Amino acid sequence: MDSIFHEKQEGSLCAQHCLNSLLQGPYFTAVDLSVWAEKLDEEERVRMAECGEESEDYRNFLKQPSGNMDDSGFFSIQVISKALQVWGLEIVPYNSADERVKNCDPSKMKAFICNYQSHWFTIRRIGNQWFNLNSLLSKPVLISDTYLSLYLAQLKNEGYSNFVVFGELPTCTADEIIRCNPVVAPTLNSSPSFEEDAELQAALKLSLSQEFESNTGNSEEEELQKALMLSLSCEIYEQKKYKQFLDGQGLYSPDDDVVILTVHNFNKEVMRSPQAWLVEFYNSWCGFCQRFAPSWKALATDVKGWSDLVRVAALDCSVDENAGLCRELEIMAYPTLRYFHENYQPGPQTLGVVVQKGDDVVSHRHFLIQRLVAEQTEGRGTMYPNLLPYIHSDISHLFDSTPVGTQYAFLIIEKPDTYLGAEVALDLHKTPSIVVRHTFSNNTGLLNNYAIGRLPTVMSVDRSNNYQLLASSGSRQEIKTVIANFLQNKHLRVTDESPKQEIFTGKWLDVEVPDMSSLIQERARQALKERIKLMGDVVFQMDLETALRYSLKHEIATVKMITGEKLQVLRDYLNILRKYFPFGRGGQLFLTELAMKASTEQVQGSDLAEVIRRAEQEDSQVFSSPQQWLACRGSSPSYRGYPCGLWKLFHYLTVNSAERNINNNRANPLEILDVMHGYVKNFFGCHDCSQHFQEMAAKREMRNVSSLDSSVLWLWMAHNEVNKRLSGDQTEDPEYPKYQFPLKERCPLCRNNNNTWNLVEVLRYLKHAYSNINVRYIGSDTTILHVGLEGKPAASGSTSIFRAIDMSMCFILYRGYRKKPYVHDLLGKV
């Protein structure tokens with residue numbers, strides 16, 4: 001398959017890769033596609049200008065970002081269609097009423113373009129065979145004619161939109177080569193998916209055995225089943241492998257010595273493993289986790305030689321698919337370290353053992369050794385060398401329970417509360433013919449018997465109890481060098497797999513967080529950022545919904561059992577959301593269902609997670625936007641995001657509470673602030689951030705807020721205090737520096753001549769910026785928020801609380817394509 005042109009994923013330029021794979025050559029660049037997108041934007045602008053360039057509709061249109069390309073490098077179907085027209089090609093939806101695709105045999109077509117959310121890829125016939133040219137795959141994947149229709153149906157069921165390509169594709173050498181030398185499919189026995197993922201194999205066998213249950217007696221059908229199993233297994237294997245590589249790595253990459261765990265491989269790797277596991281559970285947006293990561297990478301490298309005994313790993317709880325696992329393991333703060341001993345058995349109470357975080361790689365290593373010693377004290381950890389201190393007053397017991405071939409014992413005498421002996425024993429545990437033990441200076445009988453004065457001291461002992469005191473400067477490496485030199489004189493070699501390269505040894509709290517900015521800086525991304533910045537302090541429905549989704553899925557629903565104070569906070573939180581969050585009818589029903597779940601004496605996080613899962617289905621009519629950040633998008637995934645969205649959410653709630661209760665003298669001025677305080681205290685994942693907020697609330701006397709307007713100003717002052725504290729911090733997004741808002745150019749009247757705040761004008765500004773009439777619906781389906789704008793309301797008496805939505809509408813709106821605007825879109829008003 002070397003002759004096939006196949007572009008692998010670069011950044012988010014999948015539209016470019018899709019087109020070039022279709023045409024079998026590097027015909028398009030991101031710049032080319034951006035030009036088409038700009039032309040389409042200009043055509044739309046001209047059409048809008050026909051209503052008058054001074055009209056409010058036209059002015060609002062100019063403020064919106066492009067509907068034909070976005071910040072991630074994604075291009076719309078209109079751009080792809082325009083690009084293909086250059087080659088005389090046309091794309092038609094596979095499920096359309098077009099006569100060319102009605103009841104057609106897909107194997108008779110020439111190519112398909114498939115899209116899901118922001119990803120495009122090509123399936124094309126080359127020679128007389130079909131190939132999946134997805135840029136996320138390591139290489140083209142052969143698809144049989146028989147499997148092609150099933151695969152397209154599978155993609156449709158998974159939410160993909162499939163398009164048929166019509167026209168004459170340009171000639172390519174791969175066509176002729178593969179026509180003369182067809183690609184041979186691998187045999188079942190050589191399938192990498194069956195060798196490398198037994199769980200996937202079992203699932204595939206079960207699925208396909210059910211699908212073909214009625215055909216088991218037919219040998220021809222059995223052969224078909226085998227062929228389908230092979231094709232499907234290879235495809236899923238590639239998708240799963242690359243999804244983990246691209247989406248699941250968070251703060252760590254395959255280049256690190258940290259094992260990346262996900263919900264897909266956690267049980268397989270950790271449970272019933274012959275090794276123990278030390279796992280960091282983290283959130284990639286958490287500033288403390290970002291600081292912590294370099295020291296965790298350093299630990300993994302430092303103890304890499306121990307990996308046959310204990311593995312160092314990490315799991316990102318901010319990834320949607322990992323949220324349920326983090327909930328089951330009751331991960332309540334980030335980062336959290338858990339130790340899972342060897343042969344760990346899964347079960348409801350098997351949560352691992354919490355291990356204390358150190359300040360640097362050395363203290364991380366010491367806390368790990370403390371855990372290993374405790375394991376041996378409790379009768380586990382038999383695969384480790386003996387890490388318990390030697391307690392005898394003479395050397396006659398050093399060879400007890402050692403293999404017959406052990407020739408030398410090395411006893412390291414050190415001060416209490418040091419770890420040299422255990423470290424060296426673990427570093428050299430693969431060295432044959434020796435045993436390394438340690439004892440502490442409080443073993444006075446041994447020190448007196450052998451006249452040991454200087455610490456640390458290394459004593460070598462042979463099986464005849466002949467001993468020698470070896471000089472050492474006291475470092476871990478020096479002790480290993482002394483032992484190596486001794487053994488070299490005996491014609492024996494040390495096996496030491498400790499790292500030779502330098503590792504990070506600083507305090508993790510002082511670390512400079514690495515820049516995780518995207519490598520792709522094309523004009524579309526810059527244009528979107530600039531357009532959003534020019535819009536000023538506005539609120540996007542997409543950001544509010546994404547913040548709410550994260551709050552519900554990754555913080556509330558991850559609690560295994562919600563009771564007591566947490567439960568009351570949850571009820572209050574849902575109550576203010578039902579009152580003030582800008583949801584449509586389906587969203588209100590969704591919040592009501594959650595509130596009903598929370599009305600009992602206790603509620604399981606998994607029950608809430610199931611309600612949320614159903615709400616996120618495409619036909620639920622709850623969320624009007626895809627789950628992604630717009631104004632809160634950082635320069636990389638680890639910046640801004642959820643913390644930004646949560647601030648915006650509570651600003652919006654305080655303002656709308658004040659506005660809706662303007663004539664209600666009995667309204668509680670702490671209605672929103674109390675809920676925010678309770679939420680941050682009980683659910684916010686960043687423990688240190690939560691403590692900072694609670695301390696600030698006490699210092700700023702939040703309880704003394706006496707009016708709804710004062711609550712708006714209190715939260716504004718609190719937010720600015722946090723901005724001031726984090727300004728210049730290592731976790732600050734370099735492209736979005738912290739500042740005291742509102743900026744003078746956005747609100748000239750908000751500052752007095754002496755640069756102090758004019759609180760009356762600040763309050764007026766905040767009430768405008770975070771009011772419901774200032775919410776912008778870019779990227780949102782307003783028909784979900786305003787029933788009657790288009791489509792029919794939900795039928796009464798339905799067993800589901802959500803009504804169906806037209807899937808073609810979903811496709812258009814969720815990809816950010818600009819259709820004919822509604823008045824609500826243009827004005828940004830409810």
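Cβ coordinates are placed from backbone N, Cα and C, and glycine is handled just like the others.
Marked as active site by TrEMBL: Cys14 (among others).
Cβ environment of His119 (active site): Cys14, Leu136 lie under 8 Å away, each six or more residues apart in the same chain. Under the heading active site, TrEMBL lists His119 (among others).
Taken from TrEMBL, the feature active site covers Asn134 (among others). For Asn134 (active site), the number of other Cβ atoms no farther than 10 Å from its own Cβ, over all displayed protein chains, is 25.
For the domain 'Josephin' (1-180), the model's average pLDDT works out to 83. Residues annotated as domain 'Josephin' in TrEMBL: 1-180.
According to TrEMBL, the domain 'Thioredoxin' annotation covers 230-378.
Among the features that TrEMBL reports, domain 'ERV/ALR sulfhydryl oxidase' is placed at 635-741.
For the domain 'ERV/ALR sulfhydryl oxidase' (635-741), residue counts in helix, strand and coil come to 66 helix, 2 strand, 39 coil, using DSSP. Cβ-based neighbour count (10 Å, all protein chains) for Cys14 (active site) stands at 24. With DSSP classes pooled into helix, strand and coil, the tally for the domain 'Thioredoxin' (230-378) is 68 helix, 25 strand, 56 coil.
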